[in-house]
There are 2 protein chains.
Amino acid sequence: MSEKKRRRGEAGPSATGKKSRPSSRADELRKQLKSDADILESIRRMSAASKSSTFKTLTLSDLNLSSACREVSDRDSSSVLLSIERAALDAARSILSGSGFSFDIPSRSSSNQLYVPELDRIVLRDKTSARIFANLSTVRKATITARVLSLVYAVLRRNIHVTKRDLFYTDVKLFQDQSHSDAVLDDVSCMLGCTRSSLHVVASEKGVVVGRLIFYDDGDRIDCTKMGIGGKAIPPNIDRVGDLESDALFILLVEKDAAFMRLAEDRFYNRFPCIIVTAKGQPDVATRLFLKRMKTELKLPVLALVDSDPYGLKILSVYMCGSKNMSYDSSNLTTPDIKWLGIRPSDLDKYQVPEQCRLPMTDQDVKAGKDLLEEDFVKRNEGWVKELEMMVKTRQKAEIQALSSFGFQYLSEVYLPLKIQQQDWL
Amino acid sequence: MSEKKRRRGEAGPSATGKKSRPSSRADELRKQLKSDADILESIRRMSAASKSSTFKTLTLSDLNLSSACREVSDRDSSSVLLSIERAALDAARSILSGSGFSFDIPSRSSSNQLYVPELDRIVLRDKTSARIFANLSTVRKATITARVLSLVYAVLRRNIHVTKRDLFYTDVKLFQDQSHSDAVLDDVSCMLGCTRSSLHVVASEKGVVVGRLIFYDDGDRIDCTKMGIGGKAIPPNIDRVGDLESDALFILLVEKDAAFMRLAEDRFYNRFPCIIVTAKGQPDVATRLFLKRMKTELKLPVLALVDSDPYGLKILSVYMCGSKNMSYDSSNLTTPDIKWLGIRPSDLDKYQVPEQCRLPMTDQDVKAGKDLLEEDFVKRNEGWVKELEMMVKTRQKAEIQALSSFGFQYLSEVYLPLKIQQQDWL
């Protein structure tokens, strides 16, 4: 580590605007900080627990639900290719026997969705419908399904990845509108019982990662401690990601890129071994898959740093529980057990965030907050309920960057170290 | 290079949907492709011309305009610190002599802007106004200016980087609204004659880069041929980027991340040595600075791949000419002489893009196209005028991904190689 880097990584009194504002509370908190070794001890215990935990993500078959419900899983190309070949053979056999052909498509409608509390996920029930070729009302969809199957087959055979938009453009005449090919792609995914990533149809990525992680992206070894301040862009194709290695003690999930930049520039991960990841706002599929992958393979606790507002919690919920329209894929996209580190409504007073750095919540914000209080993922966590109730009651929200009022590096030098030292997460 | 990678990089007939559609033109064009060595010869000449060109970006002083006009330039921290100290000393001296103090602020209003055809840039004229502390109408702005100067000073002294939002949050009571601190930051930048990056106030990045480029990001060596498919996130702080090295023959500027992903996965840069960069839509400041830096230091031609619509050309114009509200910083942000490779309106017929993959232009699109025809950067290039006139006349637009109708890898295997072979750029 160069001298320059070390200097920036060091804790020290902020040079910024201390005298012009009463920030005695900030100084007081700074003084509470123990040595880095002591602080690390706090997280080490949690990290060890996470690694040794025999906790296993429950599956549908653990609950004897595998025949009544349906989920998809990651499968390798050769097995997906085999399934498509089998579907084609079935169709051919059916045609030769004079019965025409049809596809048996799982229903993805909300009436066929089921929330399984034990899994804390939404899954699909087993309702399916026949998509018959020789039927005026289903012939178009059956044709599109056959076409999508053949396109996916070609993609897998070439061992490349494409986007939904690419898929649409290969036959605009048939698909007419991208929503039609997109919907059938989801059908095909359910029908074959594999994730959309297994079909090699990927979403564009916008997430970045930095810190104590080494992985392979399409055969290239990526050392995320050597990715400067910009970090490594998270790859769109998770199946080309492999061999994750890490000596980190935790994963720090950050809502916004400004906070990410602060932590990357301060090389926060050198002082507190961690992996820092952000989707720069609303989580995209690639970042969610990447987080899930890290959590599963490295068995690290995940601490989340989001704005103290309903939107910040909603972002957490997408990482944890997924979104309704991808429910059939929920087990592959969701990372349960994320700890809410901050910024929490109670932090505003604890850290004495100045009044003028807090923002008033709009009526819509308050409604969103109240709606969240009805959500299962919130209700299961008493601490979260209390925090949310406080947010709705005080009608105040705050961004992560509000901490800049105590100095630009307060986040990396005081707030986060103290949070970890006090094991202050929910 | 692994066997897998080489295979994907190879040219070959597309396996996708060839027989189901009349794509004889696509096959015909594929047959026109010469050997890679021959194709490379086409670009090598252009690249060599670019490297040996004694062409120098004109400056205001070349035109004897440096006293009448004003521009900012990149300056190192120590020189900016010195300027701030000098401003503070001037103020102190003025106060001690009983005259109070004021700042001399360059006007950034449009009446003070000047388009200099020789530079093909907008610059500021020399009008300034006194921001007097002891005057009711300017006391607030003078105070904010002093505060921003002191904040920037602290940032530079600590050798860190912050965002505009961070700056705002350090004194919400004074700034009240972020637009106030943002505006004064631009004033300070003009007053000190340095870029916003020189003040270490950075914008969040969203661009990615991949290909034949090695550079240092905050001291870490980044080899962009080893960044997998995801690529390297472009760093927000350009002053920490250094030591660019490349054996590329050109820079390929791509509008959208889907096309970027296609080229990254196919390792297009291994077959045709190039650097591939995208801002994923509207260009952000970090990506513009990075492109400018590559172009200037590596002296490589820049070829642009954008959608065939007015929006694609507007994106080109932002890279080339900048935006009006950053006019004082235009020489640092703009990359003149970008070649329009495609997708061009004439390509739609040349490549026989199927009718159903072309999109009708809305009235608003057509108006935007006509407005572009009035812009100087278009008018200077006869070829561009013709293409735009064709677009407006046919009222058809097309996305880069429309090429997927000829096979998912048509872009990397046929379209781009043929474009280069035929030196088909404007």
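Glycine is no exception: its Cβ is also placed from the backbone N, Cα and C atoms.
There are 27 other Cβ atoms within 10 Å of the Cβ belonging to A:Tyr169 (active site, O-(5'-phospho-DNA)-tyrosine intermediate). According to TrEMBL, the feature active site, O-(5'-phospho-DNA)-tyrosine intermediate maps to A:Tyr169.
Secondary structure at A:Tyr169 (active site, O-(5'-phospho-DNA)-tyrosine intermediate), taken from DSSP and collapsed to helix, strand or coil, is helix. If you look up TrEMBL, you'll see A:Tyr169 marked as active site, nucleophile.
Residues or ranges marked as Mg(2+) binding site in TrEMBL: A:Glu255, A:Asp307. Taking all protein chains in view, 21 other C-beta atoms sit within 10 angstroms of the C-beta of A:Asp307 (Mg(2+) binding site).
Averaged across the domain 'Spo11/DNA topoisomerase VI subunit A N-terminal' (A:140-201), pLDDT for the predicted model comes to 92. Marked as domain 'Spo11/DNA topoisomerase VI subunit A N-terminal' by TrEMBL: A:140-201.
The domain 'Type II DNA topoisomerase VI subunit A all-beta' feature in TrEMBL is assigned to A:205-241. Here the domain 'Type II DNA topoisomerase VI subunit A all-beta' (A:205-241) has long-range neighbours at 74, 76, 161, 197-198, 247-248, 252, 257, 260-261, 263-265, 268-270, 273-280, 283-284, 286-287, 289-290, 293-294, meaning same-chain residues at least 6 beyond its ends whose C-beta is under 8 angstroms from one of its own.
The domain 'Topoisomerase 6 subunit A/Spo11 TOPRIM' annotation in TrEMBL covers A:250-420.
Annotated region 'Disordered' per TrEMBL: A:1-31, in sequence order.
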Among A:Tyr169, A:Glu255, A:Asp307 (the recorded positions), residues with Cβ under 8 Å to chain B, listed in sequence order: A:Tyr169
Cβ atoms near A:Glu255 (Mg(2+) binding site) (within 10 Å, other residues, all chains): 24
Summary of DSSP states over the domain 'Type II DNA topoisomerase VI subunit A all-beta' (A:205-241), given as helix, strand and coil counts: 6 helix, 15 strand, 16 coil
Rounded inter-Cα distance in Å - A:Glu255 (Mg(2+) binding site), A:Tyr169 (active site, O-(5'-phospho-DNA)-tyrosine intermediate): 33
